[in-house]
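K.L.:
Sharing the feature lines straight out of TrEMBL:
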- Asp136: active site, charge relay system (ACT_SITE)
- His174: active site, charge relay system (ACT_SITE)
- Ser326: active site, charge relay system (ACT_SITE)
- 127-384: domain 'Peptidase S8/S53' (DOMAIN)
- 1-24: signal peptide (SIGNAL)
Amino acid sequence: MKKYIFSLAVVSAIFGLALLTAQANDTPGRKIIVFSGALNQTAQDEIIARVGGTKLKNLDIIGAKSVWLPSKASEKALAHHPGILRIDDDVLVSVAGKPGPAPQPSESLPWGIDQIDAELAWSTTTGSGIKVGIIDTGIDKFHPDLIDNIKGGINFVIQKGIVSPTQWNDDNGHGTHVAGTVAAVDNTIGVIGAAPQSNLYAIKVLDKRGSGYLSDVIAGIQWASANGIQVINMSLGTSSNIQSFHDAVIAAKNAGIIVVAAAGNSGGSVNYPAAYPEVIAVSAIDNAETIAYWSSRGPEVDLAAPGVSIYSTYKGSSYATLSGTSMASPHVAGAAALVLTTPISSAYDANSNGLWEPSEVQNKLQTTAKDLGGSGYDLLYGWGLVDAAAAVR
């Protein structure tokens with residue numbers, strides 16, 4: 001049995017543009033068991049216990065449980081049970097390398113925020129009150145450029161043998177960097193995010209090494225759905241198409257959540273979850289509006305955004321420069337938050353209900369994007385560079 005190690009879509013500008021790729025190793029034990037609707041929770045737990053398994057968490061959003069199984073024989077026994085639909089690998093996610101922190105500067109407008117014309121949108125909206133979930137390594141809860149916009153969080157990572165839901169502070173740095181691009185406060189220090197008055201929620205699914213299991217990511221999506229999150233950003237990915245992952249993303253979109261994800265840094269095909277049709281997949285460009293050579297590309301790409309040498313908030317109340325589609329994705333998530341605060345016109349209101357639906361927000365972002373590359377849609381830039389100012393008009 002094999003596991004897949006998949007990487008956060010991030011490249012450290014300090015450590016160089018090292019491409020992050022899927023690897024395979026042996027990790028016995030962890031599985032995601034998807035049950036039929038015929039069994040209640042008690043019956044499901046009894047089935048797991050009968051084969052010597054241990055339930056780790058409920059994943060009700062997809063009718064599943066994350067479990068530890070003691071042997072291949074126990075997995076085979078469960079696979080033949082009529083009440084079980086499927087057993088998926090609980091794949092492991094990890095990030096390779098991290099940058100050193102930068103000193104706290106006077107406030108500046110990052111080039112990426114300027115490139116998407118976010119500052120030109122702020123006379124119309126700053127995204128006030130929109131709930132954005134950062135499914136990542138957590139957020140530095142005391143960062144002076146974020147603290148006013150952080151409204152809560154949840155931790156799903158086992159730390160010292162237990163899971164403490166309140167311990168969602170970022171011990172890696174990646175999630176804090178992503179959060180700053182979405183919603184760093186417009187104050188007198190540091191940077192400004194694309195939607196500087198939106199509300200941030202830290203959904204910690206990756207540990208201090210940048211590693212975590214798919215079941216934790218699914219649990220994070222489930223929490224977002226249950227807590228009224230309107231936009232989620234996932235700057236992570238895998239080359240493995242795991243059905244449970246797709247089911248969770250579908251459930252999130254059905255709950256009205258806009259799901260934005262990094263396309264990946266392999267220079268090849270788009271990773272998951274970005275490759276799922278329910279997700280806005282984002283590729284990375286440089287300040288010359290040219291695709292980064294390492295940015296994943298393909299028919300799944302929806303939009304492009306700045307992703308090279310992006311300066312943003314970092315753990316320890318500091319700042320850092322990172323490159324990757326991880327950095328591109330939150331530009332689009334921030335733009336989506338801006339759109340959600342504007343009235344929807346009849347041209348985009350496909351459901352004629354006067355409310356923004358995820359597909360309608362995506363359509364607005366795509367039709368107002370700046371065309372790059374070949375005329376119209378292309379595999380590198382999708383529909384083009386997200387244009388926040390045009391999207392809120």
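Placed from the backbone N, Cα and C atoms, the Cβ positions cover glycine too.
In TrEMBL, annotation is done automatically, which means it is predicted and not curated.
Could you tell me the structural context for the features on the list?
P.N.:
Just so you know, the Cβ of Asp136 (active site, charge relay system) picks up 32 other Cβ atoms within 10 Å once every protein chain is counted. In the three-state DSSP reading, Asp136 (active site, charge relay system) counts as strand.
Regional average pLDDT for the domain 'Peptidase S8/S53' (127-384) in the model is 96.
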K.L.:
Could you tell me which of these active-site residues, His174, Ser326, has the greatest number of Cβ atoms within 10 Å of its own Cβ?
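P.N.:
Sorting the candidates by Cβ neighbours within 10 Å, the top entry is Ser326.
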